[in-house]
Amino acid sequence: MLGLVAGSEPYPGAAVLATAGALAMGVGMVRLVAPDAVRRLVLAAHPEVVGSSEPSGRVQAWAAGPGIADDAGQRRALAVALESGLPAVVDASALDALPELLDRLAGEHVVITPHAGELERLLEGPSREAIEAEPVRWAREASAQLGVTVLLKGPATVCAAPDGTAWVQGEGHPYLATAGSGDTLTGILGALLATARGLRPVEAAALAAFVHGSAGRMAAESGPFGAGALAPAVREALSRLGSAEPPRRPGQG
C-alpha cells in the first residue's frame, strides 16, 4: 500500500498522474491524501483509490509532493508522512519545504527527486550549469550533505546514496521533459518503495528511472506525447524489461 500526498486546487492533475504511475507498477492500493476536489478528480479516473483529507490507515511507503503547491493542509500531510519513518519519495512542490524538515527526518530511506535547478536551491553552492556538467559528482555531494538518497533528473538521471553508491540511467527520451512526467515518476518510485522488498532505496530509485525512461522511449514511438501517455507505456515497459539494458554504476561498461 502506498500513501500519496499529491495535488492542490491549482494543480489537481499532478495527483492523477502520480496515481496512474503507481497503479501501472502494480501497487496493491493507493491511499491518496488531497483536497476534496482533487480526490473527486482522481477517483473519477481511478475508482480503486482510497482518498482522505488527512493521512490515515496503514501504508508501506509514502510519495509526496506532486502539485501540492502552498496548500497548508498538504504541507502538514507531508510532515506526517516523513515523520512516519517509512520509505518516502519527495518530489516537486515538497522540495521547497524539505530544508526545514531534513534536520530531524533525513535518512537513506528518504528519496528526493530534484532537477538541476531545484538541487541548486537545496545546496546553495554550485550553479545549475555546474550541476548539469557533473551530475554524478553533485548527486553524490547532495546525498552526502543532505543525508538522503538523491534521484537527480536530467538527460542522464543519477541516483546516489549517502555512502557514495551511484547509478546512472541515460536511456530516457527528450520527450520526457514535459509537464507531469516527474509526477508519473514519483508514482512509479513510490510503488517500488512500497512493494520491492530487499531493494535499497537507491536501487529502487535507479529501477524507477529505468522504467520511466523505457516508458518514455516506447511512448515516443508514436511521436510527441503528453505525460498522460506514460502510465500505459509503463505496463509495456515492464513486459520488456528482460531484454533491455539496466541502469549502470559510473565506471561500468
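Here the Cβ of each residue, glycine as well, is placed from N, Cα and C on the backbone.
A mean pLDDT of 94 is what the model gives for the domain 'YjeF C-terminal' (1-241). Sequence annotations record features per position, and here TrEMBL assigns domain 'YjeF C-terminal' to 1-241.
According to TrEMBL, the transmembrane segment annotation covers 12-34.
Per TrEMBL, the feature (6S)-NADPHX binding site maps to A14, G67, H115, D183. DSSP gives A14 ((6S)-NADPHX binding site) a helix state. Of all the Cβ atoms in the protein chains shown, 30 others lie within 10 Å of the Cβ of A14 ((6S)-NADPHX binding site).
The feature AMP binding site is assigned by TrEMBL to K153, G154, P155, A156, T157, G182. All protein chains included, K153 (AMP binding site) registers 24 other Cβ atoms within 10 Å of its own Cβ.
Residues 1-6, 41-42, 45-46, 48-57, 59, 63, 66-68, 74, 77, 92, 180, 183-188, 190-192, 194-195, 211, 227-228, 230-232, 234-235, 238 of the same chain lie 6 or more positions beyond the ends of the transmembrane segment (12-34) yet place their CB under 8 Å from a CB of it. Apart from A14, G67, H115, D183, the residues listed for (6S)-NADPHX, the same chain places the Cβ atoms of A6, Y11, L17, A18, G65, P66, D91, A92, S93, A179, G180, G182, T186 within 8 Å of the centroid of those Cβ atoms. Here the C-alpha separation of T157 (AMP binding site) and D183 ((6S)-NADPHX binding site) works out to 15 Å. The secondary structure of H115 ((6S)-NADPHX binding site), as reduced to three states from DSSP, is extended strand.
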